[in-house]
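*Asks:* Pulled from Swiss-Prot, these are the listed features:
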ACT_SITE  CYS92  active site, acyl-thioester intermediate
ACT_SITE  CYS382  active site, proton donor/acceptor
BINDING   ARG224, THR227, SER251  CoA binding site
MOD_RES   LYS25  N6-acetyllysine
MOD_RES   THR136  phosphothreonine
MOD_RES   LYS137  N6-succinyllysine
MOD_RES   LYS191  N6-acetyllysine
MOD_RES   LYS209  N6-succinyllysine
MOD_RES   LYS212  N6-succinyllysine
MOD_RES   LYS234  N6-acetyllysine
MOD_RES   LYS241  N6-acetyllysine
MOD_RES   LYS269  N6-acetyllysine
MOD_RES   LYS270  N6-acetyllysine
MOD_RES   LYS312  N6-succinyllysine
MOD_RES   LYS312  N6-acetyllysine
SITE      HIS352  site 'Increases nucleophilicity of active site Cys'
Amino acid sequence: MALLRGVFIVAAKRTPFGAYGGLLKDFTPTDMAEFAARAALSAGRVSPETVDSVVVGNVMQSSSDAIYLARHVGLRVGIPKETPAITINRLCGSGFQSIVSGCQEICSRDSEVVLCGGTESMSQAPYCVRNIRFGTKLGSELKLEDTLWTGLTDTHVQMPMAITAENLAVKHQISREDCDRYALQSQQRWKTANDAGYFDNEMAPVEVKTRKGKQTMQVDEHPRPQTTMEQLNKLPPVFKKEGTVTAGNASGVSDGAGAVIIASEDAVKKHNFTPLARIVGYFVSGCDPTIMGIGPVPAISGALKKTGLSLKDMDLVEVNEAFAPQYLAVEKSLNLDPSKTNVNGGAIALGHPLAGSGSRITAHLVHELRRRGGKYAVGSACIGGGQGIAVIIENTA
């Protein structure tokens, strides 16, 4: 929808994204969301006392205290105990949804300032044993379940997420070569942007423990900028014989968090905040679960229609790179301009910590739009189960 009130982003930060089992593996989703939230509050000069609501997205609920996640984030960063909090889950769209939910609170005048965010520790996803709470028979073989792996299959259609991407490859005639070439581009674009310092304004450095002692993590850990086409071509398809999806052209399993603080126009004036961007509108759509990766197509189209804008108006476009064939299917369907889409690399390079990605994409668009002097940008993601979500922002510089 197009917003009923002026809603502005006054701070947007994210942690570096950690590789699976990497530097962030010992931090809970709550820890990482706290790091991002503290950085956002500081960057936006937002006093915790002015925050009216906390909305944090999280998918896997991987820590023992995850049921308290958003509440604990708020309390840890000094937001008053009287301020409510909610943890939400729209799978891969949860980071975006936190912003959408925050906008809805502001538009309904339930809140004036909202701390939004998304966080995920895929490294901490637990193993579990089901159906033993009420006893087991002698000799029973207990099945240990990897919740991370099983969660990547949509049981309603009995289909792993990667197969939904393979379905799009067939439908849109996308080749393995196309996918590997796009994956290489994602890695190369990330390296160029990172070397130029384009991620600096969005980054919330994290102090981590290593064998060499404590160090400050300021750079994403997952990217492999030295990747070559030859290396990508040698990787075997993961889910389908002669398929297109490999470990090299799919988004990386990773850890990370982001925080975006939004405020009404009245709050911006009252607290003398510096608006970085205006939230123009958003749209959420369902789609066929067997091709869930096409979700950004109806989501972006819907957001543009609701706001009276077109793709030509967009200076930057971000489509979360769940899988290379998924992204390429969206690019084909919308006839996206590659020169302004995922300009600094995406999840194939950076990793895709589920709920963290929407917050990362939003934070990146805010700062990159300002760096380039552009006006409009749209961020989007496909969502497991068959949905898509998109948010349009406008540069206020």
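Each Cβ is built from the backbone N, Cα and C atoms, and glycine gets one as well.
Predicted, not measured: the structure shown is a model, and the values here were computed from it.
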*Asks:* Of CYS92, ARG224, THR227, SER251, CYS382, which recorded positions are close to HIS352 (site 'Increases nucleophilicity of active site Cys'), meaning a Cα within 10 Å of its Cα?
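*Replies:* Qualifying among CYS92, ARG224, THR227, SER251, CYS382: CYS92, SER251.
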*Asks:* Report, in whole Å, the straight Cα-to-Cα distance of LYS25 (N6-acetyllysine) from LYS270 (N6-acetyllysine).
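*Replies:* Here the two Cα atoms lie 40 Å apart.
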*Asks:* State the Cα to Cα distance, in Å, between LYS137 (N6-succinyllysine) and CYS382 (active site, proton donor/acceptor), rounded to an integer.
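*Replies:* Spelling it out, the Cα of LYS137 (N6-succinyllysine) and the Cα of CYS382 (active site, proton donor/acceptor) are 43 Å apart.
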*Asks:* Other than ARG224, THR227, SER251 themselves, what residues in this chain have Cβ atoms within 8 Å of the centroid of the CoA site's Cβ atoms?
*Replies:* ALA183, SER186, GLN187, HIS222, PRO223, GLY248, GLY252, ILE348, ALA349
*Asks:* Pick the one among the modified residues LYS137, LYS209 whose Cβ has the fewest other Cβ atoms within 10 Å in this structure.
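*Replies:* Fewest other Cβ atoms within 10 Å, among the modified residues LYS137, LYS209, is found for LYS137.
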*Asks:* List the Cα distance (Å, whole number) between the residue listed as 'active site, proton donor/acceptor' and LYS234 (N6-acetyllysine).
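*Replies:* On Cα coordinates alone, these residues lie 28 Å apart.
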*Asks:* Hey, of CYS92, LYS191, LYS212, LYS269, which of those recorded positions are within 10 Å of ARG224 (CoA binding site), Cα to Cα?
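*Replies:* Final answer, ordered: LYS191.
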*Asks:* Name the one residue among CYS92, LYS209, LYS241, LYS269 whose Cα is closest in three-dimensional space to that of SER251 (CoA binding site); these are the recorded positions.
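*Replies:* Comparing Cα positions, the candidate nearest SER251 (CoA binding site) turns out to be CYS92.
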*Asks:* Tell me, if you would, which residue among LYS25, LYS270, LYS312 (modified residues) has the fewest other CB atoms within 10 Å in the structure shown?
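*Replies:* Comparing Cβ neighbour counts within 10 Å for the modified residues LYS25, LYS270, LYS312 gives LYS312.
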*Asks:* Cα of LYS269 (N6-acetyllysine) to Cα of LYS312 (N6-succinyllysine): how many Å, rounded?
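*Replies:* So the alpha carbons of LYS269 (N6-acetyllysine) and LYS312 (N6-succinyllysine) sit roughly 32 Å from each other.
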*Asks:* Taking the Cβ of LYS241 (N6-acetyllysine) as centre, how many other Cβ atoms lie within 10 Å?
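*Replies:* The answer is 6 other Cβ atoms.
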*Asks:* Among LYS191, ARG224, LYS269, HIS352, all listed as recorded positions, which has the most CB atoms within 10 Å of its CB?
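*Replies:* Most Cβ neighbours within 10 Å: HIS352.
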